[in-house]
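**Q** First the structure, then my questions, so here it is.
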Amino acid sequence: MLLNLLNGKSKSVASAAVLVGFFALLSRILGLLRDRILAGRFGAGDELDVYYAAFRLPDLVFNLFIFGSISVAFIPIFLETYRSDKQRGWETASRTLNFLLFSLIFISALLILAAPILIDKFIAPGFDPSKKAEVVAMSRILFLSPLFLGLSSFLTALLQTFRRFLITSLAPIMYNIGIIIGALFLVDFFGIYGLAWGVVLGAFLNFLIQLPAIREFGFKFRPRLDFWVPEVKKILRLMIPRTLGLATFQINSIVITAIISTLKAGSLTIFSFADNLQSLPVGIIGVAFSTAVFPALVGAAAKKQLNVFKDRFSATFRQIVFFMLPLAFLFFLLRDQIVYLVLRTGQFSRLDGRLTAAILGVFCFGVLTQGLSPLIAKSFYALQNTKTPAVIGAVSVGVNVVLAVLFIYLFSFGNLLSDFLADVFGLRSAGDFRIIALPVAVAVSSLFNTSLLLKFLSSRLGGFGYGEIASPVYKMLIASAAMAAGVYPLLYVLTAVMGEETFLAAFIQGFSAAVAGAAIYFLVAKLFRLREADAILRRLKNIF
């Protein structure tokens, strides 16, 4: 019975998005709990800097060969083969998995050997020798995780092909549970390296939970080296541009880490915490909706139903903006309360919290574009075009790296932008706050990336009715501004009365502002007759 429930099929994009979004929210909540445990136990200092820097090489392997590449390259080819011949489809799946495992093991082995040089020269050149040695040791443990995550991602792609979103949405939850176990228990036995073993455990659980579901479909993995067949070659051809695109993003991550390693201790930890917080709405809304609609886009593209494709895209675009835009406003207004509730415990100091909140506030200016980017990119992938997003991504990463280096340099001296940010976020007494230059670069490059993607997709589709998108988006912007105008005075009064240095005060302020903001936003959206607001109200009426 439990397996049947977990293996249930989602019947529509909306239901799939709700399902994916709900479990993405649950996973993100566990992620916040994970970050709170890490912040409280270690604070923003050398230990967590080592932990986050150690991810760079294993993440490079996973993201290049597995993450994103599998779903966008494998699903269209597998569906095409499976529909014509089921047995051949399963053979294609097995051979593809063999190819990926071989690639993962081979590349990981090379990077394990080269880790000392790569970390010393490229990943963390600003760390002292003992800190670099710890990064190398932890990286080598973490190289076990791409193997399990690779297997898990492949199973996820297969299951999502058959619209089985429930079990695949549970997998990331298991990953966070493993990390939490590492932080709470394994650290007592292995020191800081217990965090790495927790990551490996989480990756294994991520893979393990999906095994029973995929076996129900009759998939059987056969280890073999004769994977070089036409279907795998075609998948590889589709993967190469996507992999190159991801390579640029990984290079960007490495460059950012290298820059941060030259700043004061704890900077990488603070940046990572803020990045995790801003990715919360991106994952819950942007990634959830784009993941849910992707099979439908693939199906419409395969059947040459261009109008259906456009309608699916436009509807999902509006839905993402409807939720992401007010969340960006709310996250900016509630940045201090969010950071206090999630991170201000144990060893995580008030100054650490202030810097994290400032970085989160700047990130908010790029949240909407980051939430839309997965949808636009996956629309290209559904059309079996992985080159355009890769090229645009490479250019955008170049812009981000140049801006990051430039802004870090400029923020070393007094200038209008750094002075303005210092005053807005109260950083005058924070000492070295140059790290705030990095989210500025991220926000600008994210806008650049999403704008280019949208322009080229519009050209590819012969336009998709900007009026149908632009008019509702303007109304959503007005509704979000009205929400902010109503929330800010309430938040100001609550903060003046209660202060902001207790968990209870931060919770009451955040909860009150969020409820009031949601009410104002939905009221204005209803007055504007936005279909997204009507759809939500209909669902609420059906429930209650």
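Including glycine, each Cβ sits where the backbone N, Cα and C put it.
All annotation found in TrEMBL is predicted automatically rather than curated by experts.
Residues or ranges marked as transmembrane segment in TrEMBL: 12-33, 99-119, 139-158, 165-186, 235-260, 280-300, 320-343, 355-377, 389-413, 433-457, 477-497, 503-524 (among others).
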**Q** Check for me, if you would, whether the transmembrane segment (503-524) reaches the transmembrane segment (320-343) - at least 3 Cβ pairs under 8 Å, residues 6 or more apart in sequence.
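**A** Yes, the stretches contact each other.
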**Q** Same chain, outside the transmembrane segment (477-497) by at least 6, Cβ under 8 Å from its Cβ: which residues?
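**A** Residues 325-326, 328-330, 333-334, 505, 508-509, 512-513, 516-518, 520-521, 524-525, 528, 530 contact the transmembrane segment (477-497) from elsewhere in the chain.
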**Q** Would the transmembrane segment (235-260) and the transmembrane segment (355-377) count as touching if the test is at least 3 Cβ pairs under 8 Å, pairs 6 or more apart?
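**A** Taking Cβ pairs at least 6 residues apart, the transmembrane segment (355-377) and the transmembrane segment (235-260) are not in contact, as fewer than 3 fall under 8 Å.
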**Q** For the transmembrane segment (389-413), could you work out the same-chain residues 6 or more beyond its ends whose Cβ comes under 8 Å from its Cβ atoms?
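**A** That would be 241-242, 244-246, 248-249, 251-252, 255-256, 259, 376-377, 380-381, 433-434, 436-438, 440-442, 444-446, 448-449, 452-453, 456.
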**Q** Let me spell it out: take the transmembrane segment (165-186), skip the flanking residues so only those 6+ beyond its ends count, and list any with a Cβ under 8 Å from a Cβ in it.
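**A** For the transmembrane segment (165-186), the nonlocal Cβ contacts are 5-8, 10, 16, 19-20, 22-24, 26-27, 30-31, 33-34, 37-38, 41, 149, 152, 155-156, 159, 194-210, 213, 291-292.
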